């Protein structure tokens, strides 16, 4: 599931979403917007930054809660409300359609009413959505609620990493922005685990908890200083920056650099979508969009949304399998944040894609054996092993690394619109896979996993032949490698 700071803020930058690393690396590559000496920040200022980050990532946790809701509730909702497979597939997948709309509007909302205002807007949609799901007596209200939570999720996917990147000192930005992805995985995992013991209506109410914490916390944290500077609210800009850096910290240098950086961005030409298909940009666009295609069409959202049903179909305990899946996802994602800058992007992608192929093959074999009444005792263990290898492999590379590479391969003048295109492809893929998964499983359970294995095998070839290693290289070196 798998989500960047747009540097152009124009009409073309409407699809920015949960790309933590795009925010982090874009600010690093864009120049010296944040070149002050971080050591001058006081401990009090760090407390403000940490608390502000904690409040913001409640939105990330809410994102995960929305994404993880459909898996442990499938059987109960279909039974209680007599939903057909098609109706439940619509319920599960319409979340990503709402997120697509949220991603479209998140940039303009965050620019118009601020980062905190955008977070309040997203929270309002999530609250309304969870209440609609809780009171639903049929498919219509369920879908309305799911669409609303999806919209909130889409806004969160953009505004949370933007806000964190804009308030954090440079020496903390990398660590703090990775918390966004970690909290998304944690939200998914918590929904999986508590969904095994709570009713589906009660589980919907638990989605209100991070919303409440976020709404309350927003009263006590400053607005993004960069947004305040961008709209010309100078006194509030300096007050917010001083609050974040500490009352005894000299912020004049950083404030001047932020102003200069914003002025530079305003002078950049606004790229159009058609500009992406010029020969000099085409290789970067193929790599960025191609990675998003393989990330989503390799099956992650189908498996994530309906993992409990997969375990049940294979004859394994849905509760036990889901809990193991949830814990493993958080652990691997947490470990991945510590090695991505050491191991390199390309090796992680190759190892991850290979693991995805292996996981799909094992799951496919298990369902093949079941369908043909062969070695039935081995079916559950093969299925759960395959799924756990799959999610471990995805969390180790294919989940986050495509966003990191996307942040590094696009030239600065097209980064906003190119990121918009890649994010649109990503959300469309998430919707397509989550909607078709149950139908594919009805067609052929083992055939579904073999199809995903083939797509992930294609990802290996794509990475080997087209994706450059970007670790430790400047933007100019990356561009030279891509265009060679």
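The backbone N, Cα and C atoms fix where each Cβ goes, glycine too.
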**Report entry** Annotated range (TrEMBL: transmembrane segment) out of 27-47, 90-110, 237-257
**Finding:** 90-110
Query - the transmembrane segment (314-336) touching the transmembrane segment (281-308) per 3+ Cβ pairs under 8 Å rule - result: yes
Query - Cβ-based contact of the transmembrane segment (417-437) with the transmembrane segment (203-221), 3 or more pairs under 8 Å - result: no
